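Annotated features in Swiss-Prot:
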- ASP7, ASP8, ASP52, ASN54: Mg(2+) binding site (BINDING)
- 2-119: domain 'Response regulatory' (DOMAIN)
- ASP52: 4-aspartylphosphate (MOD_RES)
Amino acid sequence: MKILIVDDFSTMRRIIKNLLRDLGFTNTAEADDGTTALPMLHSGNFDFLVTDWNMPGMTGIDLLRAVRADERLKHLPVLMVTAEAKRDQIIEAAQAGVNGYVVKPFTAQVLKEKIEKIFERVNG
């Protein structure tokens, strides 16, 4: 399984990457915003996307919308990991087609549970 981690904050990318590795997901790549991530998604055969919301260039919500609008990418599972905890933003992400939503700060257990739930829904 190949996972793309998108966040403009390199420390957060590293935290997510390390947590994913601890969960057994070792094949990861990183991008610092949606503008960088979208071409990587087109050429990289990714199986899963973890993205922040607030980033310069293309935001995570715009990246999510671009993924859902793309015939080749629209089935890609997307987990949003963000500080955006307002109800309106969670609803906006759900309406845009996000598969899971984690509010920062979070624990490894929360990340694990969200990823497992996404796979249950995608595979079930």
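Using the three backbone atoms N, Cα and C, a Cβ is placed for every residue, glycine included.
Fair warning: this is a prediction, and the values are worked out from it, not measured in the lab.
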Among ASP7, ASP8, ASP52 [binding-site residues], residue with fewest other Cβ within 10 Å: ASP8
Local Cβ density at ASN54 (Mg(2+) binding site) - other Cβ atoms counted within 10 Å: 15
Helix, strand and coil totals (DSSP H, G, I; E, B; other) for the domain 'Response regulatory' (2-119): 55 helix, 23 strand, 40 coil
Whole-number mean of pLDDT values that fall within the domain 'Response regulatory' (2-119): 96
